[in-house]
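Here is the structure we will look at.
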Amino acid sequence: MRLQNKHIVVGITGGIAAYKSASLVRLLIKEGAEVQVVMTPAAKEFITPLTLATLSQHAVVSDFFDRRDGSWHSHVTLGTWPDLMIIAPATASTIGKMAHGIADNILVTTYLAMRAPVLIAPAMDLDMWSHPTTARNLEILAQDGVAQALPAEGFLASGLTGRGRMQEPEEILEQAVAMLTATTEKLPLAGECVTITAGPTYEPIDDVRFIGNHSSGLMGISLAEALACQGAEVHLVLGPTHLRPTNPHIVVHPVMTAEEMLAAAQETFGRSSIAIFAAAVADYRPEERVSGKIKKERRGGERMQLTLTQNPDIAATLGAQRRAGQYLVGFALETSVDTSAAEGKLHNKHLDAIVLNSTSDAGAGFGVPTNKVLILDKAGARCDLPLESKAVVAEQIVDFVLKHRTQLV
Ligand code: PMT
């Protein structure tokens, strides 16, 4: 199964070759892909949404909103979900709309929101195919570098006059496989597994209250996105936050407490070549979790005491279990740029590098969309980064890891 875990949007437009899209969807699913079909209104004249929904096991999207309950189909979500979009057949009309950004149906709107590569299989009659406007529109798409068009002359090689005919589903499948393997194989972290901890932990006092902190999870999520972009299979162990990554190669393991975070991180740590501990883990938890809600009267008086017990240190626990070839990165959140405290954590937790951020730097640390960090490694390298968005900081941390882990080998 060459397309295992791949997400593919198949766009179908209104041409006679639309009937072949059913075979294409079947072939993609046979190779392990998850397929979401998006149709133009005209495509429904050639093949029923029911056939495609049955084959793909997903309701077909063909309108901006669902007529039954009025809910919106988000072209933005459709644009971030897949690894590849295939438009087959792509009529002259749809190619023209794509080239000029005429987003008057959900398929072209999805194309304009698409972050993944796009493969189009044109299909039209010979006159339309030969028209200079069609050629120019295909040229615009090629120049934009967003869509790759298959030659619409599948039968020419066999001597038949078939110019303009859509390539066979088997040929489209092979091109899709080639595009998807080409994009992941050449990336530096292709085939590697990474574990990241991120966000806060909530340590329950009773059923409605907890001890927590202001971490939003954004720094760790940004690292997950940056590592997934380098081809890694990323496991993100994420404390309570409403934020989520968008890259489909990131597996989120939602947790609440430090103990749950350690258990989830243990699951993938052993097979990870890189682990990054960006979570703000509570060092202590209430010794007792009261069931229900603690009543003011029950505890009595103006003072109430909570007894806390130490939580496991996730970075230190996993650092002690590390094996050769793993590269471990911790974070240190300090109230000043205190390199000796950060270096202490680097050594005590058996890490290779530590990312120091300080609450004394404006725009750094918790809850803000930016960060300012100093990376230190155990060989003495220092990398002082300016204030940037957490996405940019994450990319720079990943660059540091890629450079310095090879130097260790
Ligand atoms: O989530 P954001 O709002 O984007 O904010 C990002 C951040 C400020 C949370 C992040 O950049 C950060 O600094 N994370 C580490 C915060 C922290 O708890 O630092 P620390 O110095 O207390 O811990 C040192 C290291 O040990 C960290 O890698 C931490 O994840 C780890 N640790 C700490 C305690 C514990 N019980 N288990 C741990 O794994």
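Quick reminder: no glycine exception, Cβ is built from N, Cα and C everywhere.
Per TrEMBL, region 'Phosphopantothenoylcysteine decarboxylase' is recorded for 1-193. This prediction places the mean pLDDT of the region 'Phosphopantothenoylcysteine decarboxylase' (1-193) at 86.
The domain 'Flavoprotein' annotation in TrEMBL covers 6-178.
Sequence annotations record features per position, and here TrEMBL assigns domain 'DNA/pantothenate metabolism flavoprotein C-terminal' to 189-402.
Taken from TrEMBL, the feature region 'Phosphopantothenate--cysteine ligase' applies to 194-409.
Under the heading CTP binding site, TrEMBL lists Asp283, Lys293, Phe331, Lys345, Lys349. Take the CB of Lys345 (CTP binding site) and look out to 10 A: across all protein chains shown you find 21 other CB atoms. Secondary structure at Lys345 (CTP binding site), taken from DSSP and collapsed to helix, strand or coil, is helix.
Neighbour counts of Cβ atoms within 10 Å were taken for the binding-site residues Lys293, Lys349; the minimum is at Lys293.
For Phe331 (CTP binding site), the number of other Cβ atoms no farther than 10 Å from its own Cβ, over all displayed protein chains, is 26. In the shown protein chains, 13 other C-beta atoms lie within 10 A of the C-beta of Asp283 (CTP binding site).
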